[in-house]
Amino acid sequence: MRIALGLQYDGSPYSGWQSQLSKNTVQDVLEKAITDFIGSKDLLALPIRVVTAGRTDTGVHALGQVVHFDAPVERESFSWVRGVNAFLPDSIVINWAKPVSGEFSARFSAFERTYIYALHAGPCRSPMSALRAGYVMLPEARWFDIEAMQLAAECLIGEHDFTSFRSAECQSKSPVKTLYACEIVSQAPWLYFKIRGNAFLHHMVRNLIGCFLAVGTGKQTSEWMKVVLDARDRSIAAPTFSPDGLYLTKIAYPAEFAIPEPALQNSWLPYSLLGPH
């Protein structure tokens, strides 16, 4: 029986999503929790392996992550939620579980992903947002050029080769991705970026944020973003920005799979920003 799970996690204690020898990844912790909940080794002819919609980096958080796995036993949906959560640390929680058809893939059935980056700016970093938001030091009387950043975002919408925003370790077969929307919301001392696309390259969102901030602080013009995009050269873009403020907030699937909405109300991020995607 194939089971889909919706989960949230604080990524700061983990070395990213993908399984590693250290076992300190979200995938490793989740697979162990599912295995421990199932209990009997006699039922586990093969190890539990989960497939995810988005492989988040070290320190990146998720509010709307979706995974699937093939279960060797049948359980009620509420039982999967309560049972597996009992074996998970406080930094990871399952919000929902449901049986799905064998055609469903958390990764390949998804047609859209949404990320939000939360940034705090001001003379001093806030300890309350440590590891939950990025930070830029700005004098008290200064703020970002929001209009310049919004102009810079315009060239990114649509299908493009995003090689300039791709990490050297990226395993994607193609650098061509489609961005549907890029919203920049200013609520000083907070700044939010909401980026929606069909898929993303490794470090792509964090590299985009670095470039947006170069424009917003006046180090580069809004026209520079298109120069970077067209160059298809990672070396001319801004440095990769901190993972602390990055949240995977939603994965969209065809209606036929009836995948539940993420529990976004559980977040400290503004619901007006999280709202309908």
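Backbone N, Cα and C define each Cβ position, glycine as well.
Residues or ranges marked as domain 'Pseudouridine synthase I TruA alpha/beta' in TrEMBL: 8-108 (among others).
The active site, nucleophile annotation in TrEMBL covers D57. Listed in sequence order, G11, G16, W17, H202, H203, R206, P243, L246 are the same-chain residues at least 6 apart in sequence whose CB falls under 8 Å from the CB of D57 (active site, nucleophile).
Under the heading substrate binding site, TrEMBL lists Y115. Secondary structure at Y115 (substrate binding site), taken from DSSP and collapsed to helix, strand or coil, is strand. The Cβ neighbour count for Y115 (substrate binding site), using a 10 Å radius over every protein chain in view, is 25.
Mean model confidence of the domain 'Pseudouridine synthase I TruA alpha/beta' (152-254) amounts to 97 (pLDDT, 0 to 100 scale). Residues annotated as domain 'Pseudouridine synthase I TruA alpha/beta' in TrEMBL: 152-254 (among others).
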